[in-house]
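Inspection log for the structure reproduced underneath, given as structure tokens.
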Amino acid sequence: MAKQITSNCNFIFGASDIKSLPNESAPEIAFAGRSNVGKSSLINLLINSKKAARVSSKPGCTRQINFYSMYDDKFRLVDLPGYGYSHAGKEEIIQYLNLIEYYLIQRENLRRVFVLIDSKVGLKEIDKDFIYWLIYNNINFNIVLTKIDKVSQKSLGAVIEDIQKWINNENVSIHQMSIRVKHKITKVRDEFFKFTR
């Protein structure tokens, strides 16, 4: 049976530089992906909340690492700034990319990174670059395909096959997510909970 998460989630802090990162006292699960791929929506679905993580219709709005505490800080959800499109200037983009890199490499309490891929477009070069970087730095990750209700089963199957062939690693799980397909959310939630212990 899937473990249920209710609304016991609190926003801790938005870190905009390395010095402002919170302590490492709890296990953390991070969510990464292109701008507007659905990271905040997935976080809200996982914790059964409509507004814990801010969802924006404008891509590239998240420019800090947002930390959410679950169950009195037994574990945390971490919403990383989207890579790709951004309204920020060049210097600001470099600053938060350096922040993301530092967080992913140096954070000792990071348990897993969930990389979100838009199933409507599949793997883009920027996704591949990010995944290559994770592999190079020995950072464990899973893939979550978002917006699966927007594509046909045939197209979805082709996207999954393409990712499996490209990654060629049986230790990397590929999950599917849609706000309209509840059993898919449950499977992602079950996988998510494996890394919170």
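Just so you know, glycine gets a Cβ as well, placed from its N, Cα and C.
Residues or ranges marked as domain 'EngB-type G' by Swiss-Prot on the basis of sequence analysis: 25-197.
Residues or ranges marked as GTP binding site by Swiss-Prot: 33-40, 60-64, 79-82, 146-149, 177-179. Contacts of GLY33 (GTP binding site) defined by a Cβ separation under 8 A and a same-chain sequence distance of 6+ are given as LYS39, GLY82, TYR83, VAL115, LEU116, ILE117, ASP118, ASP127, THR146, in order along the sequence.
The 10 Å shell around the Cβ of SER40 (Mg(2+) binding site) contains 21 further Cβ atoms across the protein chains shown. The Mg(2+) binding site annotation in Swiss-Prot covers SER40, THR62.
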Distance, SER40 (Mg(2+) binding site) to GLN64 (GTP binding site) (CA atoms, angstrom): 13
DSSP three-state assignment for MET177 (GTP binding site): coil
Neighbour-count leader, CB within 10 A, binding-site residues: LYS39, LYS147: LYS39
DSSP state at LYS39 (GTP binding site), helix/strand/coil: helix
